[in-house]
Each structure stands twice: as structure tokens, then as C-alpha cells.
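**Student:** Sending over a structure as C-alpha cells; questions will come in a sec.
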Amino acid sequence: MAEKSFKYVIVGGGVSAGYAAREFAKQGVKPGELAIISKEAVAPYERPALSKAYLFPEGAARLPGFHVCVGSGGERQLPEWYAEKGISLILSTEIVKADLASKTLVSAAGESFKYQTLVIATGTTVLKLSDFGVQGADSKNIFYLREIDDADQLVEALKAKKNGKAVVVGGGYIGLELSAVLRLNNIEVNMVYPEPWCMPRLFTEGIAAFYEGYYKNKGVNIIKGTVAVGFDTHPNGEVKEVKLKDGRVLEADIVVVGVGARPLTTLFKGQVEEEKGGIKTDAFFKTSVPDVYAVGDVATFPLKMYNEIRRVEHVDHSRKSAEQAVKAIFASEQGKSVDEYDYLPYFYSRAFDLSWQFYGDNVGETVLFGDADPNSATHKFGQYWIKDGKIVGAFLESGSPEENKAIAKVAKVQPPATLDQLAQEGISFASKI
């Protein structure tokens with residue numbers, strides 16, 4: 001097969017790829033210089049929609065409605081956008097070999113692609129129950145959610161199993177968002193996770209108690225402290241029951257699993273430095289190999305604010321790291337410099353009529369403020385994290401846009417404060433910074 005050659009290649013077609021393409025266009029990339037190679041069949045889209053509006057029973061989001069960059073208020077980049085800019089969108093193409101020394105990528109179909117500068121935007125893949133050797137984990141109607149194909153399969157199952165029963169395995173982002181959207185589809189939901197409370201990597205027990213209570217009121221049955229150890233099926237291979245480690249057996253027409261993800265670094269193993277499961281980069285997302293950059297979920301980068309190296313799995317960082325890398329690529333070509341990446345960690349979620357945001361670092365002592373009663377009609381609450389006498393993190397449920405900006409600012413500025421002061425003042429403390 002003929003070899004294709006580009007000045008710049010982005011491998012991966014998710015959020016980072018789409019935002020990188022926009023920055024390449026802003027920086028004046030010439031027609032024919034840039035290619036995006038993606039194993040997905042569609043142009044880059046805003047992935048968070050898949051666990052939210054894509055699954056709504058009415059008024060569901062569909063492509064081309066949520067191509068990047070609409071998630072951050074930007075222009076919607078349809079396939080035509082890439083064509084107009086002279087960017088090659090090479091879809092349904094999986095790269096199976098990467099030789100960084102010879103600057104060559106090879107696809108599953110045997111096509112060869114040469115590049116001068118490579119941006120690795122491969123993201124993560126979901127951990128599957130079969131990875132842990134769970135019996136029956138390959139039964140039909142056990143779903144994972146990462147790509148649009150996964151969401152389409154789940155949509156079909158929701159139609160086929162109207163008013164059925166679901167078991168959601170996992171108490172993180174996917175577990176919480178999908179339990180909510182399954183209830184909106186009038187599906188009976190059991191949610192199972194091993195930890196003592198939901199979202200344990202971010203939530204404290206106090207925050208989690210609100211969401212668990214709220215979900216319970218919405219009809220989600222939460223089972224904590226155990227895991228799925230096996231599945232029984234109907235003769236047609238569809239899942240029938242979920243066996244739990246504590247001996248309980250749950251009926252299920254649909255199972256949705258969200259037990260974490262792992263970075264897709266396999267192509268580059270032994271060729272680039274890795275750290276904390278990801279590809280190690282500097283503050284410009286340059287890897288240990290010249291002319292090779294890594295962005296988004298796959299990059300382990302210096303988090304300047306906290307003087308440490310981290311890997312962050314979140315759409316906000318996927319967008320911003322992609323833009324930073326492309327700015328750095330053009331600056332280095334022009335003999336100029338750009339500022340180091342100075343990221344404020346940010347996480348958010350929306351489910352039912354809830355909406356929370358978190359900024360900063362969840363370390364140190366905590367203080368909960370506001371009304372965190374799940375039975376309250378006017379629930380609105382938050383939490384601060386204090387370390388060495390300074391605020392380092394802030395969480396807010398049901399905040400206004402101004403209040404959300406205020407908690408972001410307080411996490412960035414890190415003003416001194418006492419627990420008593422914050423308990424008394426609550427959100428008003430952040431609002432006056």
C-alpha cells in the first residue's frame with residue numbers, strides 16, 4: 001500500500017483530537033499538513049454527552065449535534081469543517097504499530113503513515129469485568145460506555161427491555177450518571193459497588209451521603225461493600241442474573257459496568273518514558289522522544305500548582321492540554337516560547353436535576369456547609385478542603401454560574417481560612433475573594 005505522509009499526525013479521535021485540530025487551524029496549519037487518525041467512524045465529539053443527554057428518553061442528543069467544540073461554547077466542527085481546513089480525517093482506522101524512531105504508524109489494514117510531529121491522543125479504554133476473570137462477563141446485554149457505538153447498543157437495549165431491570169456495577173462517574181439516566185428511562189436500578197460510599201476518589205462521606213440519599217429517593221437501590229462475581233444467562237445468551245460476592249443474586253435485563261479505565265499506551269511501550277500509568281510529559285506535553293507529544297487522559301504531566309506529577313482523566317484537561325501542546329509545537333517551530341501549563345483541576349457532573357462542580361485538590365481537613373439534606377426541596381451545599389491553613393479545594397452542588405466561578409477562584413488563590421469561619425460563612429466566603 002502507498003505510504004501517506006503528513007507534517008503533523010494526531011493519533012486518536014476523541015475530545016483532545018478535536019480541540020487540537022481547532023488550535024492547529026488557529027495557528028495557521030496549511031492544507032494537507034495535518035491528519036487525524038481515529039478508530040471511531042465519526043469526527044471528534046464531546047464524549048460526556050454519551051452518559052447524559054444521549055440516553056434521554058425524550059429530546060436525546062444525537063450527532064451531528066455534539067461534535068467538538070460545542071461543549072465549551074465553541075464552533076461545531078462537522079466533517080466539512082476539517083475538509084475546508086485541508087485537515088485529513090482518517091476514520092475507522094486503528095493504528096496497530098508505532099515506530100517512533102522511523103516516525104511511522106501502521107494501521108490494522110496495513111496502511112503506513114509517516115509524520116514529522118506526532119500528537120498522541122489515544123485516551124483510555126474501559127476496564128472490563130472479563131479483565132478480572134468474572135464468570136459470564138461476556139454475556140449479552142452487559143454494557144460499557146466509552147464510544148458512540150457503545151451508547152448506540154445501550155439505546156437499543158433500552159428499547160428492547162422497556163421498563164426492565166438493570167444492575168449498574170460501579171459507584172463512580174459512569175455508575176452515578178447512568179443510574180440516573182436509566183431511572184429516567186423507567187428502568188428499575190440496583191447499583192453495586194465495593195467502597196463504603198460513592199465517588200470515593202473525590203467525595204467525602206458527607207458529600208456522598210447526600211447523593212446516595214437523593215438517588216434512593218429517585219428509586220435507585222444502592223448495594224455497597226460487595227462486587228459482582230458472576231452472571232447467569234437465558235438460553236439466548238442474554239444476561240438474566242448478577243451474582244454478588246455477598247451471596248445475593250439480582251435479576252437483570254441490562255447490566256452497565258463502570259469500574260474504571262486504563263490509558264492506551266501499548267503502542268508506545270518501551271519507546272517513551274512512562275509514569276503513573278501514562279506517558280510522561282513536560283509542561284508543554286512533550287514526551288521523552290523528540291517531536292512526540294501526548295495529551296489528555298494518556299498524559300502524565302507536571303501539575304504546577306501542587307508541584308507534583310499527575311494524570312488527569314477529565315474532558316476539561318483533554319481540551320486544554322491539546323491546545324497547550326499545539327501552541328507549544330508552533331512556538332518551537334518559530335523559536336518562540338509559551339507559558340508552562342498551569343492547570344487547576346476541575347471536575348463536574350450532572351444527573352437528575354443535580355449539578356456539581358469541584359475545583360482544586362481534595363486533601364486536608366474538610367468542612368461541609370449549606371443544606372445537604374437529600375429530602376430538602378432547596379438542597380444546596382458545598383465543601384471546602386483546607387491544608388496548612390489555606391483552602392486548597394472547593395465543591396458546590398447547585399451553584400449559580402457566579403458561585404461556581406467563585407469556588408474556582410478560591411481554589412486557585414488558596415486564601416487562608418479556619419474551619420469555623422468556613423462553616424459559618426459557607427459559599428459567601430468564596431464569593432468575596
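The backbone N, Cα and C atoms fix where each Cβ goes, and this holds for glycine too.
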**Student:** To which of Gly86, Gly110, Gly260, Gly426 does Swiss-Prot also attribute binding of NADP(+) at the site defined by Tyr173, Ile174, Gly175, Leu176, Glu177, Arg201, Glu313, His314, Tyr348?
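**Tutor:** My reading of Swiss-Prot gives Gly260 as the candidate in that site.
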**Student:** According to Swiss-Prot, Gly13, Gly14, Val15, Ser16, Glu40, Arg47, Lys52, Ile95, Arg146, Glu147, Val315, Tyr348 bind FAD; which one of Asp291, Asp297, Asp371 is annotated to that same site?
**Tutor:** Asp297
**Student:** So Swiss-Prot lists Gly171, Gly172, Tyr173, Ile174, Gly175, Leu176, Glu177, Arg201, Gly260, Glu313, His314, Tyr348 for NAD(+); which of Glu195, Glu340 goes with them?
**Tutor:** Glu195
**Student:** Out of Glu177, Gly260, Glu313, Arg319, which of these binding-site residues is nearest Gly13 (FAD binding site) by C-alpha distance?
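**Tutor:** Out of the listed candidates, the nearest Cα belongs to Arg319.
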**Student:** Below 8 Å Cβ to Cβ and six or more residues apart, same chain only. Which residues does that give for Arg201 (NAD(+) binding site)?
**Tutor:** Gly172
**Student:** Would you count the other CB atoms within 10 A of the CB of Glu177 (NAD(+) binding site), including those on all shown protein chains?
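**Tutor:** Within a 10 Å radius of the Cβ of Glu177 (NAD(+) binding site) lie 22 other Cβ atoms.
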**Student:** Could you work out which of the binding-site residues (Arg319, Arg350) has its C-beta surrounded by the smallest number of other C-beta atoms within 10 A?
**Tutor:** Arg350
